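Per Swiss-Prot, the feature ATP binding site maps to Lys34, Gly35, Gly36, Val37, Gly38, Lys39, Thr40, Thr41, Glu242, Asn269. Sequence annotations record features per position, and here Swiss-Prot assigns active site to Asp63. The Zn(2+) binding site annotation in Swiss-Prot covers Cys280, Cys283.
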Amino acid sequence: MSTAVINTDDDQLEPTLQSILDQKSLRWIFVGGKGGVGKTTTSCSLAIQLAKVRRSVLLISTDPAHNLSDAFSQKFGKEARLINGFENLSAMEIDPNGSIQELMGQAEEGEGPAAGMGGMMQDLAFAIPGIDEAMSFAEVLKQVKSLSYETIIFDTAPTGHTLRFLQFPTVLEKALAKVSQLSTQFGPMLNGLLGANGSLPNGQNLGEMMEKLEGLRETISEVNGQFKDENLTTFVCVCIPEFLSLYETERMIQELSSYHIDTHCIVVNQLLFPKKGSDCDQCNARRKMQKKYLEQIEELYDEFNVVKMPLLVEEVRGKERLEKFSEMLITPYVPPAGGL
């Protein structure tokens, strides 16, 4: 395992993700950034490197686009599956908007005039923004906790959705309060509609519904506490050297800071390194622009490990190319002579 450093300044941190590999206590690692900056490639590559130094690693995609299957050329689903060619690296792709019916084990609605009451209660109880996503995320955490992986990496959705999970305990508490309020308000009416076993016409038991919600809320609250422990959790920001991406990265880092979530690594993808004497005007102009934003990144985040990754000629897909790309997260890329 290399710890090579190309920067010799004493005050400059190593431009690699080696610190993440060395921090054995880390259990949760999030990889996030603006859409199209290489989050999935980075998260897959980091997972490959971690698998070399950890007992077991799980890579989870919470991005609706689900690019893990494309990256590894292997189909993944909502159950953890071993990645071909690895003995201790698994992956899964989850739907962040799983249906309430599926999450609550909802039975099919019956027939008759009262058949719609269960559905109405459900619609009223779950008419809370984000409840589907919150419950889906809580179910995943519940499953992940029982699987006892040493390290879990999240390939997150684009920036706007990345930190939504931090609000999920509040969302689930609102849903619990709503169900409780409805059961009180409609108590007399429900008494005439409840089945012999105390269930609604569609088979859903209110007590079981509240118990399920409470269990999910406890799970997500417990794990959120771990997310705020820098010994257990870190967030890797991925960007490209352009204005909008830099702006999104700064906004994300500020938000992470407000939630007390550790972040000390930034991966800058798609860097151009024109050869000395290159007559490609577009390449040189773009490199000049990239250099400006790269200098801003290094100035703004002088206390971060800033990893510089080159724009490659070939698409990074498949185990072999991902492994090759992952090496540059640990051993800094050295541009050809004359490349700046």
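If you go along the chain as it appears here, the first residue is 1 and each next one adds 1.
Any Cβ shown, glycine's included, is placed from N, Cα and C.
This view paints the features noted in Swiss-Prot onto the structure.
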residue : record              : CB count, 10 Å
Lys34   : ATP binding site    : 23
Gly36   : ATP binding site    : 11
Gly38   : ATP binding site    : 21
Thr40   : ATP binding site    : 24
Asp63   : active site         : 23
Glu242  : ATP binding site    : 16
Cys280  : Zn(2+) binding site : 12
Cys283  : Zn(2+) binding site : 15
Message = Can you tell me the CA-to-CA distance separating Cys280 (Zn(2+) binding site) and Thr40 (ATP binding site), as a whole number of Å?
response = 30
Ask   = Out of Lys34, Gly36, Asp63, Glu242, the recorded positions in the record, which is closest to Cys283 (Zn(2+) binding site) when you go by Cα distance?
value = Glu242
Key: Asp63 (active site) and Lys34 (ATP binding site), Cα-Cα, nearest whole angstrom   = 12
Task = Would you kindly give the Cα-Cα distance separating Asp63 (active site) and Glu242 (ATP binding site), rounded to the nearest Å?
result = 23
Ask   = Where the residue listed as 'active site' and Gly36 (ATP binding site) are concerned, what is their Cα separation in Å, rounded?
value = 12
